[in-house]
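Each remark here refers to the structure printed beneath this line.
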Amino acid sequence: MATLLGSEVVLSGNLTMVTEFLLLGFSSLGEIQLALFVVFLFLYLVILCGNVTIVSVIRLDQSLHIPMYFFLGILSTSETFYTFVILPKMLINLLSVARSISFTCCALQMFFFLGFAITNCLLLGVMGYDRYAAICHPLHYPILMRWQVCGKLAAACGIGGFLASLTVVSLVFSLPYCSANKVNHYFCDISPVIRLACTNTDIHELVIFICGILVLVVPFFFICVSYLCILRTILKIPSAEGRRKAFSTCASHLTVVIVHYGCASFIYLRPTANYVSNKDRLVTVTYTIVTPLLNPMVYSLRNKDVQLAIRKALGKKGSLKLYH
């Protein structure tokens, strides 16, 4: 027998089950929230413009129709959805007194956030392999990274990402949640949610930790091995200009990898008991806002091919305006 009471369901046996969570977010900062709203809104618009520009330029410019930019386009698309899952709700909560989110919506937010985040990790691993194939095996590159293979690798990243996310979310939300419903974060992340469970979570946390190792450590190790092989090959190139040109094609990817994996590992590769809200929230802002912002900026500022394609696209628009 169950009766509904506000954000809780009271079951027989005096057990109260939570039906919605309260996202505390940045509520402790008081009036600073308005300034944060302006800053985060600006950054969100820059993220959207940057990623849409990258995807559009890659799609329109024939010279960028190669595997490296194919994966970059998918990464930018994934990061656009990744931020859309979190930032609009966070922006609304910065201006709102009621910061509640239903149990189901919390589970869905976590599922899509983790799905796109893990997909990004796997894509960065595939992009590392692409650079390895291009630099270490240039003669076999057209066969190793033919379009059929690229499509299968991209699909595997998406399917693998969301299957891993489904596993984690199922573990988190199979736990009972009683009375405590204040999530000390600005979105439904694993650690702040699972800490509210009213039962022992050691086994669930262990499985989640193993999943974290598989989706973070394994791709990162794969990237490290790829770059060791790349470095060895680059050092064998006789001319300094040749070495510089070869490494410049990897610099953008390597920058994004270090920031993305560094922040994600700090948050997810440790026990939930070590969760410290304020410091963790700052690191989470880095990989939910700064990394998606960094990706298009790094690839557009450091990559001459993308810069040239953007200038060509802007030049065409200017020519059309003059013509009309």
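Quick reminder: no glycine exception, Cβ is built from N, Cα and C everywhere.
Bear in mind that TrEMBL entries carry predicted annotations, made automatically and left uncurated.
Features as listed in TrEMBL:
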type	residues	note
TRANSMEM	32-57	transmembrane segment
DOMAIN	50-299	domain 'G-protein coupled receptors family 1 profile'
TRANSMEM	69-87	transmembrane segment
TRANSMEM	107-129	transmembrane segment
TRANSMEM	149-173	transmembrane segment
TRANSMEM	206-230	transmembrane segment
TRANSMEM	251-269	transmembrane segment
TRANSMEM	281-301	transmembrane segment
TODO: Tell me, please, if the transmembrane segment (32-57) and the transmembrane segment (281-301) are in contact, taking contact as 3+ Cβ pairs under 8 Å between residues separated by 6 or more positions?
DONE: yes
Open item on the list: With Cβ-Cβ distances below 8 Å as the criterion, list the same-chain residues six or more beyond the ends of the transmembrane segment (149-173) that contact it, or say none.
Closed with: 67, 70-71, 74, 78, 103, 107, 110-112, 114-123, 126, 190, 193-194, 204, 207-208, 211, 214-215
- [ ] With a Cβ cut-off under 8 Å, give me the same-chain residues at least six positions beyond the ends of the transmembrane segment (251-269) that come close to it.
- [x] 117, 120-121, 124, 127-128, 131, 189-191, 209, 212-213, 216-217, 220, 223, 227, 280, 283-284, 286-287, 290-291, 294-295, 298-299, 302-303
Open item on the list: For the transmembrane segment (206-230), give me same-chain residues lying six or more residues beyond its boundaries with a C-beta closer than 8 angstroms to one of its C-beta atoms, as numbers and ranges.
Closed with: 118, 121-122, 124-125, 128-129, 131-132, 135-136, 161, 164, 167-168, 171-172, 190, 194, 246, 250, 254, 257, 261, 264-265, 268-269, 271
Task: Same-chain residues at least 6 beyond the ends of the transmembrane segment (281-301) whose Cβ lies under 8 Å from its Cβ atoms - done: 26, 40, 43-44, 46-47, 50-51, 53-54, 72, 75-76, 79-80, 82-83, 86-87, 117, 185-187, 189, 252, 255-256, 259-260, 263-264, 266-267, 307, 310
TODO: Would you mind giving the whole-number mean pLDDT across the domain 'G-protein coupled receptors family 1 profile' (50-299)?
DONE: 86
